[in-house]
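Summarising the annotation, Swiss-Prot assigns active site to His63, Asp105 and lists similarity to another entry as the type of evidence. For Tyr43, Gly45, Gly47, Asp64, the entry in Swiss-Prot reads Ca(2+) binding site, with the evidence type similarity to another entry. The disulfide bond annotation in Swiss-Prot covers Cys42-Cys131, Cys44-Cys60, Cys59-Cys111, Cys65-Cys138, Cys66-Cys104, Cys73-Cys97, Cys91-Cys102 and is backed by similarity to another entry. The annotation signal peptide is assigned in Swiss-Prot to 1-16.
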Amino acid sequence: MRTLWIVAVLLLGVEGSLVQFEMMIIKVAKRSGLFWYGAYGCYCGWGGQGRPQDATDRCCFVHDCCYGKATDCNPKTVSYTYSVKNGEIICEDDDPCKKQVCECDRVAAVCFRDNIPSYNNNYKRFPAENCRGDPEPC
């Protein structure tokens, strides 16, 4: 519980994509990104190493790669505009950076939704020392 409180306090000072990403996951996957994916596998949460453990962890790996390709902007803080129509996310910005970051978040949120059956509680708070092997290229 203390960890969730610390995360909540930290998020109060965060604007832009991370908060929007959380809301997008809630709208699409119907679950909290912070709770379910904040510390999952080898790639969900801060950093990443080794090989993704399952399809859910791979969603985070792909998201990390996508953020790494964002050019001329900080994907974790940029704010973007999106809407949800008929359960589908539509990224609405014309700005290339905002559009790219929104698309990264959209793809990950849909990936989480589509891979809920692969979620394995054994990978929640998975120790980094268990994340072995050469990382795959993005």
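Note: Cβ is positioned from N, Cα and C throughout, glycine not excepted.
Feature annotations (Swiss-Prot) mapped to structure.
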| residue | record | contacts (Cβ under 8 Å, 6+ apart) |
| --- | --- | --- |
| Tyr43 | Ca(2+) binding site | Pro52, Asp57, Arg58, Cys60, Phe61, His63, Asp64 |
| Gly45 | Ca(2+) binding site | Tyr37, Gly38, Ala39, Cys60 |
| Cys65 | disulfide bond | Cys138 |
| Cys66 | disulfide bond | Gln100, Glu103, Cys104, Val107, Ala108 |
| Cys91 | disulfide bond | Tyr80, Thr81, Tyr82, Lys98, Lys99, Cys102, Glu103, Arg106 |
| Asp105 | active site | Ser17, Gln20, Phe21, Met24, His63 |
| Cys111 | disulfide bond | Ala55, Arg58, Cys59, Val62, His63 |
Residue among disulfide-bonded residues Cys73, Cys97, Cys131 with Cα closest to the Cα of Gly47 (Ca(2+) binding site): Cys131
Residue among disulfide-bonded residues Cys44, Cys59, Cys73, Cys102, Cys104 with least C-beta crowding, 10 angstrom cut-off: Cys73
C-beta crowding around His63 (active site), within 10 angstroms: 23
Nearest of the disulfide-bonded residues (Cys42, Cys44, Cys131) to Cys97 (disulfide bond), judged by Cα-Cα distance: Cys44
Distance, Cys131 (disulfide bond) to Cys44 (disulfide bond) (CA atoms, angstrom): 12
Extra residues within 8 Å (Cβ to Cβ centroid of Tyr43, Gly45, Gly47, Asp64), Ca(2+): Cys42, Cys44, Trp46, Gly48, Cys60, Phe61
Cα-to-Cα gap, Cys131 (disulfide bond) vs Cys73 (disulfide bond), nearest whole Å: 29
Same chain, 6+ residues apart, C-beta under 8 Å of the C-beta of Cys42 (disulfide bond), given in sequence order: Gly48, Gln49, Gly50, Arg51, Pro52, Gln53, Asp57, Phe61, Phe126, Ala128, Asn130, Cys131
Listed disulfide-bonded residues (Cys60, Cys138), ranked by Cβ neighbours within 10 Å, top entry: Cys60
